[in-house]
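According to TrEMBL, the protein carries these features:
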- 16-36: transmembrane segment (TRANSMEM)
- 42-61: transmembrane segment (TRANSMEM)
- 97-117: transmembrane segment (TRANSMEM)
- 123-139: transmembrane segment (TRANSMEM)
- 261-280: transmembrane segment (TRANSMEM)
- 292-312: transmembrane segment (TRANSMEM)
Amino acid sequence: MRETLAAFADLTRAHFFFVWPLLFCSGLALAFANYGGFSWELVGRAALIGLFGFEAGFVLNDYVDREYDRRDVDGSLTRYWRPFGERPIPAGKLSPGAAFAVFLVLAGLAAALAATLPSPHNLYVLGIMGYSYLVEYFYQTKKRNQTVPVAQMVGRTDFALFPVAGYLVYGNPDATALLFFLFFYPWTLAHLGANDIADIVNDRARGMATIPSLTFGLTGSAPEDPTPVLYGMKGAAAWVLGFSAIHAGMALVFGLTLGPIAIAGFGAGLILLGAANYLILRGKTADAAMRALPLMHASLLIYAAAIIAGAVL
């Protein structure tokens, strides 16, 4: 029983569980502020939608990549993301069928809760859910064979839309929803670049075309050279820095619409993001990215908390 519970915890990245309801409800808090009203019952429902929906995405990720994950040779990132440090499907702790059943249960619970929202909010949230799972599948399969980062650019729209879906639980598609997306999308791409740098050894073993290993259609690397001449670790570090800079600009624009509390929180988050970029640019190694990831995740928590505080206070 303990082994099974540990496998489920690893499958769902259970120690990060509190992040997803918080991020989802940051969108809801903005909707309450913009449209008036408040409901603890709706907050609870939204928190569960965010929790079940995001965890389902994690499980789908593992299910789709189950055969490729058997090729992993470095467990550093796995130990960071999973409380018991294993990928349960390749490790034989869970069957693919059991994992897919978990996905269906979690996604079904999220969808059932979303369906109880008044129209058209239920349609907004369900539409984003369906889109996100399709895009997650596209991302996992497309990055196996590409020369330009289509998988990454399209694939991270699902994460960027996650807090927007929280906003649409109560609000409507409007300028705030758009700004939230434009604020968060560059962060998701910067985070993806850092995650790819940290996992470069495994992605090479899997044959994945991630940010550090992409050639962007160019040639020039020797076949035996695992890092392309132009778009290797330096290119990946530039990717992280570039999207972090775009994110910082959007943080200013978005923050000015939200008020001083949000601006202060965004400033604190950007300091952490800047420190993460410094580590990556100085090291340009998987170890440097591993040290940077907790700072990036802390910035996300600060952003969500600042948005909620700014909406409530």
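Don't overthink the numbers, they just go from 1 along the chain as shown.
Using the three backbone atoms N, Cα and C, a Cβ is placed for every residue, glycine included.
Whatever TrEMBL says is automated annotation, not expert-curated.
If you count C-beta pairs under 8 angstroms between the transmembrane segment (97-117) and each of 123-139, 261-280, 292-312, the highest count goes to 123-139. Of the Cβ pairs linking the transmembrane segment (261-280) with the transmembrane segment (123-139) and spaced 6 or more residues apart, fewer than 3 are under 8 Å, so the two regions do not touch. Packing against the transmembrane segment (292-312) from elsewhere in the chain are residues 19, 22-23, 25-27, 29-30, 32-33, 80, 163, 187, 190-191, 194-195, 198, 258-262, 264-266, 268-270, 272-273, 275-277, 279-280: each is 6 or more residues past its ends and has a CB under 8 Å from a CB in it.
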